[in-house]
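Worksheet: the structure to be examined is printed underneath.
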Amino acid sequence: DRQTLVAVLQFLRRSNLRESEEILRREARLLGDDLGGNVATVATSSPGVAAVAAVPPGKGEVRGDCGVGPSCRRDPREVGSPVLLAVSGALRYAGTQESVPGAVVVEDQPDVSAVLSAYNQQGDPTLYEEYYSGLKHFIECSLDCHRAELSQLFYPLFVHMYLELVYNQHESEAKSFFERFHGDQECYYQDDLRVLSSLTKKEHMKGNETMLDFRTSKFVLRISRDSYQLLKRHLQEKQNNQIWNIVQEHLYIDIFDGMPRSKQQIDAMVGSLAGEAKREANKAKVFFGLLKEPEFDVPLDDEDEEGENEEGKPKKKKPKKDNVGSKSKKQDPNAPPQNRIPLPELKDSDKLDKVMNMKEAARRVRLGPECLPSICFYTFLNAYQGLTAVDITDDSSMIVGGFADSTVRVWSVTPKKLRSVKTAADLSLIDKESDDVLERIMDEKTASELKILYGHSGPVYGTSFSPDRNYLLSCSEDGTVRLWSLQTFTCLVGYKGHNYPVWDTQFSPYGYYFVSGGHDRVARLWATDHYQPLRIFAGHLADVTCTRFHPNSNYIATGSADRTIRLWDVLNGNCVRIFTGHKGPIHSLAFSPNGRFLATGATDGRVLLWDIGHGLMVGELKGHTDTVYALRFSRDGEILASGSMDNTVRLWDAVKAFEDLETDDFTTATGHINLPENSQDLLLGTYMTKSTPVVHLHFTRRNLLLAAGAYSSQ
């Protein structure tokens, strides 16, 4: 569109970005001074820059993104057409990835009017139903092998055609279009369609986030070359430009060579807000191996020789090594370099704790199908304050609850009571050289089983103990994350960065770092001694509902209400994996102890298993009938425990689930996954509570399973 192009060139000239202007001119072959005064300047209604230019690509090719917004990327097939991307922070020229100085974009939200104006290409509104039913007829009459793949087009085309009708104020046509075709969409889009049905006027579209996301992020479809050629031929023969425009403008078709996928294979992977992940998204190398344990001398007695094999384990919520791996001192070939990210030094108290951990590990029960763990359930009775979060320390000595009345309550679950440090005046009287100085600084008068921490001004949605048990994190609806001292039971810091509710927070397995995720759709990485975040992980299209550190602390997994899971690299903030397949918001994540696999649970009641190295779904565990809120692997990774709102804890055979995985290059390249239908073979046991949803699970160092939840009396 020449007009847009000239407008952008004018904008660049006004902003003194001569270099970019020249490059764009050369690429667009607009030489000489074409910027007459005959073109209106670009009007943007937000302080953000919302000018975007794209040169039309070669005929009949799938176009790369040219939306405005954080998700702008280029299609690798589009050669030589520059796209100016307005990305928060700087204007970047996608042809050369050169950052343009001085052009700072103030808002990271896409400019609403610019985003919506893309719906201005008006076709004849009365023909929309005809176009859609024509395509529907064509797809339903095509061969079985293509039908499943091409059926993926129904949903994104339906949404975009409906929105185009609404935007151009053809309200009655839009209503009839919606009523006629919404029943054809897959069941897992029901929630999105409910939101869509409430958008009946142009004004409604302005403030609707779901709408904006759909418009700015390209819906990704993975289709084989044969099916794509079939579709292209049909649309060109029928001169069906309206649909072809939408395909080019709003969809990203990821074409692969090879057999088309079956309905079952496609159903396993689709269902997220923006379609599937592009195959490119899961190609980056991930160091999923474990870091080598620091060596230190431990005086071992005879009975602890076994413990020596278990070369010191870090104390942490997640177990660290499977017994096989721990016997060798060799570096794991898939592990990140030891100094890839700076990790805190071990203190003397940490070393003592490691020794304790090794002694416990020596007495650990080896679990398996023949030897299931005992489960100890902590029920919160009379929790009329509304239990919203639970965590248990690695050594299983304390349990914390976050409540809807904005309190954080810490209990001791051992006979040892919780005590605070004495006052400054009393501390000055203590002989600092005495052997039991750590005992003496504690004030016996404060000993109690329960401590209540006040400070938040909204429900507390996430809690996390530090590995050394000196600190506790809590995050809340009030937009803050608080760090509490477990020595004084007072709040040390309030971290303000999220402007909206914070749904989850977790300490790194090595302490010092922690992650938080919230309603503002980003996850943030913090260090306890910085009041600003170190990294901001942006990319999800809806709330970040849960966060987890990888056992080697180099990666963070986030689950979101956009129904995807992303894996982020702590070092550079890049997204290195995008997993799609859940049909509802994600609420639980768990890494296997060896760092190779990830288990995820969502409102759809399914637990999905992922191979991190290959970036593939490798299993699906069906059984729960409600949201899966808790997932945990046993200390050596033989068993996966899942807890749900359906009041059950289920135990799954993790060894069997991950054995003989077929991850050949073809599968990795095309995403042809064949999930075995073996949920029933893998399910080792189901344990009902009377009426208590399970919100947290934890394996003790000896592999006893602890579960927690609040009794609900309905």
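Just so it is clear, glycine is given a Cβ too, placed from its N, Cα and C backbone atoms.
Here the structure is a predicted model, which means the values were calculated and not measured.
Positions annotated as compositional bias 'Acidic residues' by TrEMBL: 298-309. Annotated compositional bias 'Basic and acidic residues' per TrEMBL: 321-332, in sequence order. The domain 'TFIID subunit TAF5 NTD2' annotation in TrEMBL covers 123-251. Positions annotated as region 'Disordered' by TrEMBL: 298-350. Marked as repeat 'WD' by TrEMBL: 380-421, 453-488, 495-526, 537-578, 579-612, 621-653.
Counting residues of the repeat 'WD' (537-578) by DSSP class, helix then strand then coil, yields 0 helix, 24 strand, 18 coil.
The DSSP breakdown of the domain 'TFIID subunit TAF5 NTD2' (123-251), given as helix, strand and coil counts, is 102 helix, 7 strand, 20 coil. Residues in the repeat 'WD' (621-653) partition by DSSP class (helix H, G, I; strand E, B; coil) as 0 helix, 19 strand, 14 coil. Looking just at the repeat 'WD' (537-578), the mean pLDDT is 94. Here the repeat 'WD' (453-488) has, by DSSP, the following mix of helix, strand and coil residues: 0 helix, 19 strand, 17 coil. Secondary structure of the repeat 'WD' (380-421) per DSSP (helix as H, G, I; strand as E, B; remaining residues coil): 0 helix, 22 strand, 20 coil.
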